[in-house]
Amino acid sequence: MPEKLLKITYQGAGPQKKINAYLRMPSQNYTILRREIELYLFQERQLPKCDVRTFWIDADKDEIEIVNQNDYEIFLAKCESNMHVQVAPLAPVEEPKATKQEGSSANAEAPSVDDPSNFTIHDAVECDGCGLAPLIGFRYKCVQCSNYDLCQKCELAHKHPEHLMLRMPTNNGPGMVDAWFTGPGLGRRSGRRSRGHCPFQETNQADPAGEPARDSRRERRQARRHAGVLTQFVEMMTNLPLNTTTATAPAEPQKPKAAEQTESPPQAEPTVTAEKAAESEAKPTEPKKVNTDQSVPRTEDPVTTPRSTQPTTPVINLDNISQIVPPEYMSAGIEILNNFSEMFSKIIDTTEGGDSGIFAPSTTPSAENKKPEEQGQSSGQSGASSANQSAVPSAAPSANQSNVPSANQSATPSISGSIPDAQLETEPLNPKPSETTTETEQERRRSDSLDPEWQLIDNAYSANNSNLINLDTTNPTAAPQEPVRDFGQLGELLRQHMNEEARVEQASANTQTAQVDTVSTSTSTTSVTTNSVGTSPAAPDDKRTVPVYHTDESINKSIHAMMAMGFSNEGAWLTQLLESVQGNISAALDVMNVSQNRN
């Protein structure tokens with residue numbers, strides 16, 4: 001039997017060629033085989049001694065390692081016909097390079113002798129990384145942990161890398177670090193960082209005798225607020241008083257001098273602005289104090305009040321706010337401002353004019369100071385307003401005299417009236433508008449609309465509405481009392497009208513079978529409607545005065561019923577609305593409710 005031979009191939013490290021050789025099959029033991037290979041390569045061949053690994057190549061050209069006796073027996077079974085073992089040196093570990101890196105890091109960790117941080121000693125502070133106590137050098141305090149400190153060597157070694165560390169160069173640092181961390185700066189809160197002064201340095205250099213500035217107090221007040229979605233909107237509302245005082249200041253010299261000496265000019269009374277809403281947010285429990293502050297003339301504020309050198313934040317456009325703030329928050333904020341405006345207007349009217357019985361002076365010049373051209377123009381406007389009031393027909397004359405308020409006598413563009421009841425109590429209308437041209441000492445002012453949600457429908461009426469309403473300031477006690485609105489009667493009218501609509505629908509369903517019955521049913525319905533309104537029996541002359549708004553009888557009756565409830569048909573908007581819903585009052589009220597919510 002021929003002797004078995006084992007072929008070995010050695011590829012050494014470096015540019016030397018690989019070595020191929022045959023060995024007599026030494027043994028079936030892997031340890032003896034490995035000893036024979038090392039003896040041949042490193043003693044007989046004089047090759048550099050190193051650790052080697054043995055493997056063989058299978059039919060798939062893959063390297064199969066031979067590590068123990070089991071691997072060697074598998075090799076003998078697989079390669080019995082052609083035994084070929086590959087020998088290669090193990091990959092050397094780069095120990096010199098690692099030693100060099102350790103030396104460089106040791107040199108970097110060793111601080112310089114002249115470093116001033118070596119002389120800083122933090123008493124009663126222990127390094128949680130190496131246990132150095134007291135801590136010498138820079139102290140690194142973890143912001144997120146309750147009590148975790150590192151020395152500068154441990155921080156350089158990147159211990160505790162997952163949290164934010166704060167460097168403290170001295171021993172007099174604050175105990176609580178969280179108070180000095182806030183969110184992204186908005187408005188005046190970012191002024192502290194933009195001006196570049198440190199809060200620690202500011203406390204050391206602050207003058208105890210000096211009074212803090214106005215902006216600093218506002219910064220502290222705003223710093224207590226949490227940053228949220230409406231932070232930018234709240235800051236805009238707090239800046240509104242500073243912007244409105246400069247805008248209303250040029251209009252004050254136009255007032256009469258006598259009014260300035262005797263009484264203070266009520267700047268906030270003619271129009272309810274967002275300034276009142278901002279004041280009500282700041283002091284909602286002190287409404288009377290706000291009214292007494294308004295009695296002080298505002299012309300002295302720019303002179304006596306010191307202004308800071310910091311520029312005020314400009315008023316943000318509402319279009320930009322609508323892109324930042326969600327629509328539901330925006331609508332809720334506008335509704336809150338409207339409620340505050342209405343509340344403040346009622347408080348001002350009742351406290352200034354209702355209790356004392358003396359109305360506030362007008363902000364517009366009187367008829368004595370007007371030029372002849374302006375007097376002629378005002379007289380023309382008053383004549384046009386009186387003509388406009390008399391030109392609009394009324395659906396129920398007796399209801400206008402007893403139950404319907406006087407605001408319904410004129411054509412109103414709003415659905416439920418734009419002048420509330422509280423304002424009508426303190427601002428009675430002049431019962432004699434034709435005598436306004438003769439009484440030159442009578443002052444005039446605009447009527448306020450405290451409900452900004454309603455929109456004008458008729459442009460012609462909006463031009464006539466610019467006329468001023470005369471106020472009787474000479475004899476306020478003789479003002480007529482406002483008639484009380486009878487909601488019970490209006491509800492009864494609505495109920496009767498709904499019954500009438502049901503009867504009309506039932507009658508129209510039977511028109512194909514009994515036309516004669518339909519005519520009698522409509523006739524009886526008309527008689528019931530005439531009796532339900534509660535008016536006196538119509539005379540032949542009175543029938544001509546009743547206006548016809550629509551050719552359809554049911555729609556025309558619906559229009560008269562809604563006008564009796566206080567709605568206006570100016571511009572035929574009520575006719576178009578009831579025509580679109582086939583005279584159904586319930587559907588018309590639903591449509592108006594949806595349109596009001598959208599506005």
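Quick reminder: no glycine exception, Cβ is built from N, Cα and C everywhere.
Per Swiss-Prot, these features apply:
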- 3-88: domain 'PB1' (DOMAIN)
- 95-115: region 'Disordered' (REGION)
- 184-224: region 'Disordered' (REGION)
- 245-319: region 'Disordered' (REGION)
- 276-291: compositional bias 'Basic and acidic residues' (COMPBIAS)
- 352-453: region 'Disordered' (REGION)
- 386-413: region '3 X 8 AA repeats of S-A-N-Q-S-X-X-P' (REGION)
- 507-545: region 'Disordered' (REGION)
- 550-595: domain 'UBA' (DOMAIN)
Would you report the average pLDDT that the model assigns to the domain 'PB1' (3-88)? 85
Tell me the residue counts in helix, strand and coil for the domain 'UBA' (550-595), as DSSP assigns them. 34 helix, 0 strand, 12 coil
In the domain 'PB1' (3-88), how many residues does DSSP call helix, how many strand, and how many coil? 25 helix, 27 strand, 34 coil
